[in-house]
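Peer 1: Pulled these from TrEMBL:
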DOMAIN    135-243  domain 'UBP-type'
BINDING   CYS159, CYS162, CYS179, HIS192  Zn(2+) binding site
DOMAIN    284-803  domain 'USP'
ACT_SITE  CYS293  active site, nucleophile
DOMAIN    591-632  domain 'UBA'
DOMAIN    666-706  domain 'UBA'
ACT_SITE  HIS765  active site, proton acceptor
Amino acid sequence: YSFQDSEGGLYVCMNTFLGFGREHIERHYRKTGQCVYLHLKRHVIEKVPGASGGALPKRRNAKLFLDLETNGDLHSDDFEYEDEAKLVIFPDHYEISLPNIEELPALVTIACDALLSAKSPYRKQDPDSWEEELQASKHAKTLVQLDNGVRIPPSGWKCSKCDLRENLWLNLTDGSVLCGKWFFDGSGGNGHAVEHYKETGYPLAVKLGTITPDGADVYSFDEEEPVLDPHIAKHLAHFGIDMLQMQVTENGLRDNDIKPRVSEWEVIQEAGVKLKPMYGPGYTGMKNLGNSCYLNAVMQAIFSIPEFQRAYVGNLPRIFDYSPLDPTQDFNTQMAKLGHGLLSGQYSKPPMKSELIEQVMKEEHKPQHNGISPRMFKAFISKGHPEFSSNRQQDAQEFFLHLINLVERNPIGSENPSDVFRFLVEERTQCCQSRKVRYTERVDYIMQLPVPMEAATNKDELIAYELKRREAEAARRPPPELVRAKIPFSACLQAFSEPSNVEDFWSSALQAKSAGVKTSRFASFPEYLVVQIKKFTFGLDWIPKKLDVSVDMPDFLDVSHLRARGLQPGEEELPDIAPPIVIPDDPKALDIDESSVMQLAEMGFPLEACRKAVYYTGNLGAEVAFNWIIAHMEEPDFAEPLVIPAFGEVASSGAAVFGAAGLDNQPPEEMVAIIISMGFQRNLAIQALKATNNNLERALEWIFSHPEVEEESEPALDMMDMENNVNANILAETGSEGPRIKDGSGRYELFGFISHMGTSTMSGHYVCHLRKEGRWVIYNDLRVCASERPPKDLGYIYFYHRIPS
């Protein structure tokens, strides 16, 4: 429940099964009247060297919360522990030691046993809890290897049957390099490695790119599972591979290519430079729970912002006092708890001199067990989300918007800290034939800058590098030193401001389809400007790829020239006329591009969701449909079968995404009547239903999460809820009260950035750099150090704060 008083152990209410620290248990008893609690306390037995060199047990009180909430490694060889459990009866604090079958009723005994054996969120999220221990393959000892002269180069691999360059497996019998399909790491392929086994019977294969001096990923086709190969070094040496020379990247994250000296992994993490550890408030690291670095990086940046510090950490006593009976399911409680852990300094303390002397005497260095483990926070914030609830790597930008969505839905006080990111975007759409225009506004939280590769300033070097790389690949030599494209920031800003074509534009002036262009400008400037460099695109296999580019991001940014100007003299507006509704001969007939459906399904999304995405985006291709999926994956009917409404029926929320701006989206009268019957005004009911695409449950949530909206407000405000559009592109039409913004000047200063290492959002590692107390600091999960060379040109998401006028 909180980080405080961990020496007191954990009290679990036997009625609600909620856990509390010693300082909160009395309040819970007074608040609820529950009087039976299970008291859990852990005692650590620390092994200290004895006179004979052996280990003597040394018993001390365990900090139970430290074990759960911080990075205390009580599973190392230096520690053992024992748990103590008692039943405590309030208000007299009468204690009953467990087990005690004779004195306790059977129901109480059963409940205690069930609670003690239950898995907590911490155990559930621990990768070690679901990874099975690999067994040695029965083929390893007697494996026959053909003396066919095959030698495997250190890089440049590709499948010998389909030229695929990812998810490649080396058969340890004949040296064939073939692509996988359904192996345990989840990567895709064409299954040629499996086909080869069926044709030849050669049982073992090793995944290229996972070979390190410590081992490799080996799969047995015959045993149909990952296995250990105790003789892997000898088997690899047969094909000219020296395991001792193979490398693995930091944090255990591997890549198919040997990283050159200028690799982003080394530059972003400032490898090879001795970094000074930082301690104290605001310098607390966060444990990586298994591909959770995206969460760590975003939360470090969020809690470096004063508005979030005040909202959650400043209000911590009030949030805790007024938290619900189940604080594990309360967003504000979890945010306050995490913020306190990061900012209090209690979990970022320098080592004692005695500990340093002991390490020097033992000639060993053990990392300090500082930092916090955000297991409960991650379990709550990702609950119900198909991606964030998994152990897979995620996009930090998507998580940022997901977090803002939750902040919006859980207001704290009169002001919402997410207001500092919110700004209005003016979109000007022009019909190229009639020259008439339409101005609309939408809410956004991130400025997304495209990367114009054609604007690279080192084109000659890039061409030369590409020629050398191809020559090295053909000759099976190591690749040349990487040359990264250098893109001027001014070119990214220019690409953002240039007009873009509007696909399938229908001109209300011509009453027909026509060519249209759209430009975007700032209708307001936020207090904190978040800039995303759009490095990710789709490869030919529709797997997200990353552009490895260097952008010279400025320390001081001025975007004042991008201020919107509104309708200009001489401009004529497009008529507010909706396009005609085309009634198909067979309303139930589905016109769906099945190739796009399969491309999305192969990325791991439910088949029915893929069919919806392609249908509701008008068969415009897999990339557009992918964006639809990202925006709707949190909806309860996301994976339900596609149902095409007959003419006159209310369309689903997905269909409404591509509706015309002039359509009268009047909510069903029966839904309006239900909300009115609950005591709300008719105008507010209509406004809430419009904001949530006529979803009754979300409309009620919208009403309670928007207390600032007056009941007398006109229903013209038609703004989609953040829950319905994760990308935050919300249409904001004219109304008596629009979204709250903090407009000001367009001059900013850089104070932080998040960098990504790896080839796509589906893999890699995130690191955060923040400017604090006049210097840059790197937050690399648990490691918090003073930065010597902040790689500002390789960032993915940048955080700017407004310079006061």
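Think of each number as a place in line: the chain as shown, counted from 1.
Glycine is treated like the rest: Cβ placed from N, Cα and C.
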Peer 1: Provide, as an integer number of angstrom, the distance between the C-alpha atoms of CYS159 (Zn(2+) binding site) and CYS293 (active site, nucleophile).
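Peer 2: That comes out at 32 Å between the alpha carbons.
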Peer 1: Do you know which of the binding-site residues CYS159, CYS162, CYS179 has the most other C-beta atoms within 10 angstroms of its C-beta?
Peer 2: CYS179
Peer 1: Would you mind ranking the recorded positions HIS192, HIS765 by how many other Cβ atoms sit within 10 Å of each Cβ and giving me the lowest?
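Peer 2: Among the recorded positions HIS192, HIS765, the sparsest Cβ neighbourhood within 10 Å belongs to HIS192.
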Peer 1: Any idea what the Cα distance is from CYS162 (Zn(2+) binding site) over to HIS765 (active site, proton acceptor), rounded to a whole Å?
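Peer 2: Taking the Cα atoms only, CYS162 (Zn(2+) binding site) lies 29 Å from HIS765 (active site, proton acceptor).
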Peer 1: Spatially, and counting Cα to Cα, which of the recorded positions is closest to the residue listed as 'active site, nucleophile'? Options: CYS179, HIS192, HIS765.
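Peer 2: For the residue listed as 'active site, nucleophile', the closest Cα among CYS179, HIS192, HIS765 is found at HIS765.
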Peer 1: Expressed to the nearest Å, what is the distance separating CYS179 (Zn(2+) binding site) and the residue listed as 'active site, proton acceptor' at their Cα atoms?
Peer 2: 24
Peer 1: Cα-Cα separation of HIS192 (Zn(2+) binding site) and HIS765 (active site, proton acceptor), in Å?
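Peer 2: Their Cα atoms are separated by 30 Å.
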Peer 1: Mean pLDDT over the domain 'UBP-type' (135-243): what is the value?
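Peer 2: Per the prediction, mean pLDDT sits at 83 for the domain 'UBP-type' (135-243).
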